[in-house]
Amino acid sequence: MPEMGVFLLATQAMAAPGELLNLALNAGAIAPEGAVLVAMLATLLVDLAGEQAAARWVPPICYAGLGTALVLLAQQWNAPLEPSFLGAFLADNLAIAFRAVVALSTLLSLLISWRYAEQSGTPIGEYAAILLAATLGAMLLCGSTDLVSVFVSLETLSVASYLLAGYMKRDARSSEAALKYLLVGSAAAAVFLYGASLLYGLSGTTSLQAIGIALLTSPTPLAALSLVFVLATVAFKIAAVPFHQWTPDVYEGSPTPVVAFLSVGSKAAGFALALRLLVGCFGAFDNQWKLLFTVLAVLSMTLGNVVALAQTSMKRMLAYSSIGQAGFVMIGLVCGTEDGFAAMVLYMAAYLFMNLGAFACIILFSIRTGSDRISDYAGLYQKDPLITLGLSLCLLSLGGIPPMLGFFGKIYLFFAGWADHQYLLVVVGLVTSVVSIYYYISVIKMMVVKEPKEASDVVKSYPSIQWSTIGMPPLRIALVGCVVVTAVGGILSNPLFQWANNAVAGTPLLQEAIALGSQRSIG
């Protein structure tokens with residue numbers, strides 16, 4: 001019947017736009033972020049039912065959301081690449097790897113948070129919701145391929161981080177940390193917006209790939225100026241010198257579980273942003289931004305590890321240590337080779353476990369003593385062998401002592417740097433690694449070598465462990481898990497390195513940059 005044929009054609013014509021829109025959106029790419037979002041909304045709803053309901057249901061909701069996100073990320077691994085949301089997001093292997101680091105850092109941060117929140121009287125529903133919001137922003141930032149999505153994701157992460165830093169409202173140091181973080185972060189956001197506006201004006205598009213092509217065909221002085229603004233924002237997010245001033249104060253004043261997340265999750269998102277922007281947009285200025293990052297890496301490794309020697313607070317010491325660690329990761333970024341990018345991804349995964357393991361020990365010590373001073377750890381081995389062993393292994397790994405996981409992470413970075421003729425970075429990295437070993441071992445020596453009569457007053461009155469207390473079992477799971485991976489992961493580092501290699505091989509952006517770099521070196 002002619003009428004039926006006309007009807008079918010009309011139906012197909014009406015369905016076609018919807019199908020095209022579905023293909024253009026490809027919403028399945030952000031299914032892991034959807035799981036985190038659902039967990040965040042459920043946490044807020046449960047929190048409305050009262051503190052008792054929140055204490056009972058918020059932890060399992062968070063575990064379910066983050067666990068689901070990790071499973072969905074595993075399913076996306078090596079999947080066919082399709083741009084999402086009209087080209088604003090891409091779930092390539094690089095994005096999946098960094099999103100997994102962010103999600104896992106949040107999961108471990110939550111495990112070490114519950115006892116801390118219970119003892120300090122912090123409402124866990126609001127705290128968990130804000131932390132999940134920061135996680136959502138960080139995960140979206142790892143896969144953003146458009147200036148608009150980059151800015152929205154960046155601000156989602158930043159605003160949630162400001163709230164987390166000042167969450168202990170009655171603590172003057174927490175409020176001070178939040179204010180400093182807000183002021184410096186707002187300035188960084190303004191600088192990024194100015195750089196992004198220059199890029200849009202020069203290219204007429206917000207797509208990072210299209211911007212990179214436009215700058216390759218017609219590089220201009222204004223493009224170089226935009227590079228400076230964008231690089232300043234990236235350096236702020238990864239706490240590179242000289243954009244590091246906020247780090248020690250924020251780390252010292254913020255709640256310790258928040259610091260644990262910022263030191264890993266936020267930093268991982270920052271390095272993912274660096275790869276998307278610098279490698280993706282500024283291929284025309286490859287030599288220039290690599291030179292600038294070489295300077296930042298040298299300054300970060302030197303200042304971070306040298307100033308850490310003089311610290312008396314554990315959190316401030318780890319703050320300067322994290323600045324130095326960022327310098328090590330930048331070696332892989334400057335190399336721009338397949339080995340360099342893979343070593344960068346591997347070291348971020350290793351840093352996740354060894355740094356969060358150290359923070360788990362610090363939290364366990366602080367909730368039992370209320371102290372953060374390094375001198376108060378004197379003689380701790382006599383009263384708490386678990387914290388002593390766990391903190392010692394994590395600090396040795398951060399220092400790069402074999403056969404810990406951190407040693408193999410640094411070896412891969414230094415090998416990639418040497419192969420790419422980055423001799424200055426490798427030499428500075430080796431020297432500053434030796435410096436870092438000194439202050440890490442100083443803490444270990446204080447805990448282990450001190451005689452009982454030389455123990456600090458805090459350790460002498462150290463309370464016995466009650467593992468059945470609310471929030472203690474998850475803390476023990478996180479601590480033991482991180483310490484085991486840190487200690488054993490070095491011996492079994494080959495699968496991790498294979499995973500990092502696959503992350504680079506499954507990312508067209510990095511493969512194009514590697515090929516372009518090879519052509520330039522041959523030419």
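Keep in mind that glycine also has a Cβ here, set from the backbone N, Cα and C atoms.
Swiss-Prot annotations:
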TRANSMEM  29-49  transmembrane segment
TRANSMEM  57-77  transmembrane segment
TRANSMEM  94-114  transmembrane segment
TRANSMEM  123-143  transmembrane segment
TRANSMEM  147-167  transmembrane segment
TRANSMEM  182-202  transmembrane segment
TRANSMEM  221-243  transmembrane segment
TRANSMEM  291-311  transmembrane segment
TRANSMEM  317-337  transmembrane segment
TRANSMEM  345-365  transmembrane segment
TRANSMEM  424-444  transmembrane segment
TRANSMEM  477-497  transmembrane segment
Can you tell me which recorded stretch out of 123-143, 147-167, 182-202, 424-444 has the most Cβ pairs within less than 8 Å of the transmembrane segment (291-311)?
424-444
Under an 8 Å Cβ to Cβ limit, what residues of the same chain, 6 or more beyond the ends of the transmembrane segment (123-143), are close to it?
29-30, 32-33, 36-37, 39-40, 43-44, 46-47, 51, 54-55, 58-59, 62, 65-66, 69, 89-92, 94-95, 98-99, 102-103, 106, 109-110, 113-114, 117, 149-150, 152-158, 160-161, 163-164, 167, 258, 261, 265-266, 268-269, 272-273
If we call contact 3 or more Cβ pairs under 8 Å (sequence gap 6 or more), are the transmembrane segment (147-167) and the transmembrane segment (182-202) touching?
yes
Of the listed stretches (182-202, 345-365, 424-444), which one yields the highest count of Cβ-Cβ distances below 8 Å with the transmembrane segment (221-243)?
182-202
Is the transmembrane segment (182-202) packed against any residues at least 6 beyond its ends, judged by a Cβ distance under 8 Å, and which are they?
147, 150-151, 154-155, 158, 161-162, 211, 214-215, 220, 222-223, 225-230, 232-233, 236-237, 243, 245-246, 281
Positions on the same chain near the transmembrane segment (345-365), where near means CB under 8 A and six or more residues out:
94, 97-98, 101, 104-105, 108-109, 112, 115-116, 256-257, 259-260, 263-264, 267-268, 271, 314-315, 318, 322, 325, 328-329, 332, 371-372, 377, 380, 384, 387, 390-391, 393-395, 397-398, 404-406, 408-410, 412-413, 475, 478-479, 482-483, 485-486, 489, 493, 496-497, 499-500, 503-504
Restricting to the same chain and to residues at least six past its boundaries, which positions have a Cβ under 8 Å from a Cβ of the transmembrane segment (94-114)?
32, 36, 59, 62-63, 66-67, 69-70, 73-74, 76-77, 124, 127-128, 131-132, 134-135, 138-139, 142-143, 257-258, 260-261, 264-265, 268-269, 271-272, 275, 345, 348-349, 352, 356, 359-360, 363, 470-471, 474-475, 477-479, 481-482, 499-500, 503-504, 506-507, 509-510
Counting only residues 6 or more past its boundaries, what in the same chain has a CB within less than 8 Å of a CB in the transmembrane segment (424-444)?
294, 297-298, 301-302, 304-306, 308-309, 311, 314, 317, 321, 324, 327-328, 331, 334, 374, 377, 391-392, 395-396, 398-401, 410, 413-414, 417-418
